[in-house]
Amino acid sequence: MDKLSIEQKIFIRRSDGRVHLAEIIKLEGGDSKLITVEWPEGHTVRGKELPLELVVLMNPHIFDSPRCSGGNAASANQTASISPRSMKQRIATGSLSPVLATAPPRQQTAPPVREDEVVHQAERMRKERERRREAQARTRLDREQGKNEDPGNPNWEVARMIRLQREQMESQRVRSGTTNERINCHQIMVCVRKRPLRRKELADREQDVVSIPSKHTLVVHEPRKHVNLVKFLENHSFRFDYVFDEECSNATVYEFTARPLIKHIFDGGMATCFAYGQTGSGKTYTMGGQFPGRHQSSMDGIYAMAAKDVFSTLKTVPYNKLNLKVYCSFFEIYGTRVFDLLMPGKPQLRVLEDRNQQVQVVGLTQNPVQNTAEVLDLLELGNSVRTSGHTSANSKSSRSHAVFQIVLRSAAGEKLHGKFSLIDLAGNERGADNSSADRQTRLEGSEINKSLLVLKECIRALGRQSSHLPFRGSKLTQVLRDSFIGGKKVKTCMIAMISPCLHSVEHTLNTLRYADRVKELSVESIPSKRMPDANLGSTSMSDIVCQSSTQRLFPCASSTSMPGGGNQAQQHTNTANDLNRSQKPTSKPTYPTSGQQLVQRKGSSQREASMMLTKSLAQFRGRNFP
């Protein structure tokens, strides 16, 4: 106890095994011999009472006494060597004098000193604490800078992560007249168009979460949160035939989607082009034209541009020798009912199937047209009476499927030569979005979603060249039956419309998954060439800041526009034919029916029997193992 003093630093061992320094604040002598120590821990001060034995054990450097002098040590350690009994007898007889042997002094080993280890551990903890504080300071500084870059934006963190993500993308977008490549025209084409933000959305500081790095790919940045509430981006990548950004006009969209189908109908085929997407995503704008005011202008819609190209193609060689006439019809499908938009009063029509299994819309008018101006008049008449309503997503939402058909007939016998169906589908809706709407609006949404589901199944069956098409599932597919049946004479183009807003990200993903599902099951698709979504899984703010600038973004490939699809499809067809051949029932073996044949067979030589057996085995293998 004499070597200890108040405010002296000593090492102590905690109950969990930790060893650190503590300060003596009280010494109790007598029988108890307790030492009271305390030490700071975080924002508090802790204390403990220790017996003297533990203090001595943990601090041997304090209680080590100085070594004795050499003479005393030598005298203390000198001992007489004890001889064995024979040795004692020899000493007693005087034959051997006693010899004092000095034992070598024992080496005193100092207890291990833990001072260096504890000091290093404390230094390491201090450095880690400083690094954490520096990282927290940098994070606070980054947050302040992010707020200052986009003041007043409640989603500034998401906006910054998306901005940093887009800086790593190389943009190569579709532009009208800037490419010399051949426009792909497959049996099923799927294109996506992203609409720009509206003025109201810009005023509300809506965030654009859709990026288009190339003319075939797009990425949807979905904001998510970890368990610890740290925000991050989950990037969903898609690949289609063509992707149009918000700067593309209707003319550019038409050039890559519907225009390649004009030549197909003049060659005697059936073509279908339809716009699909969430309500308010721009389907009617794309198909019908702009809205300069309350009324729609049909001058720059796909309807009018297709009609203009039809009349211009009609005058070119060799189609001018076919002597074709152009007819137009315009009708809508509201729920399960069909209405003619070109007749006064918009009468309801019946959809029936004749004896030739051809679906006929009874009473539908097909007006003959001579030029584009007459087509525009019909479009304005039909758009003025089309059914629309108010929803939570769009103040003027189309509640029906509008079908505008351009029909080519021969002038001699009025025989159908080709048909082009341009469809403005009603917007798909979720039940959670219109749960507060009235019963009629919910029923409309239910019928719309049902018809869109059947439409997708018909397109998938068309892509698989299936013998069964579920076109009777809805009035829409029933009316368009001749646009799905016909093999290579039928071509379809789908324009998926998406909204870039943050609050519509779920609708956008549903639309893109719908379109991708249609595309990936087509005949010419190449599933084996799907590339992995490298560096596109999920990205947090810290990951984006630390990422290298050489990060690449290559989304999945599930498109029929990729090269080599035809060979893959041919190989698939050959394999299917081989399987069909192998599954054909083999012919029954023939047996001799008369005794004469049995005698003849018994009388044949062994060589002939062996040859017959070999031939039979070869025929069996040829039938079952081509």
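Glycine residues also receive a Cβ, built from the backbone N, Cα and C atoms like all the rest.
The region 'Globular' annotation in Swiss-Prot covers 1-183.
Summarising the annotation, Swiss-Prot assigns region 'Disordered' to 68-155 (among others).
What Swiss-Prot records for 72-96 is compositional bias 'Polar residues'.
If you look at the compositional bias 'Basic and acidic residues' (113-150), the same-chain residues 6 or more away from its ends with a CB under 8 A from one of its CBs are 11, 19-21, 60-61, 156-157, 159-160, 541, 545. The compositional bias 'Basic and acidic residues' annotation in Swiss-Prot covers 113-150.
If you look up Swiss-Prot, you'll see 115-150 marked as coiled coil.
According to Swiss-Prot, the domain 'Kinesin motor' annotation covers 187-521, on the basis of sequence analysis.
In this structure, Q278 (ATP binding site) is part of a beta strand by DSSP. Around the Cβ of Q278 (ATP binding site), a 10 Å sphere holds 24 further Cβ atoms from the protein chains shown. Sequence annotations record features per position, and here Swiss-Prot assigns ATP binding site to G277, Q278, T279, G280, S281, G282, K283, T284 based on sequence analysis.
Per Swiss-Prot, the feature region 'Disordered' maps to 557-608 (among others).
In this structure, of the binding-site residues G280, G282, the smallest number of CB atoms within 10 A of the CB marks G282. Note on the coiled coil (115-150): mean pLDDT across this stretch is 85. Applying DSSP to the compositional bias 'Basic and acidic residues' (113-150) sorts its residues as follows: 35 helix, 0 strand, 3 coil. Take the CB of T279 (ATP binding site) and look out to 10 A: across all protein chains shown you find 26 other CB atoms.
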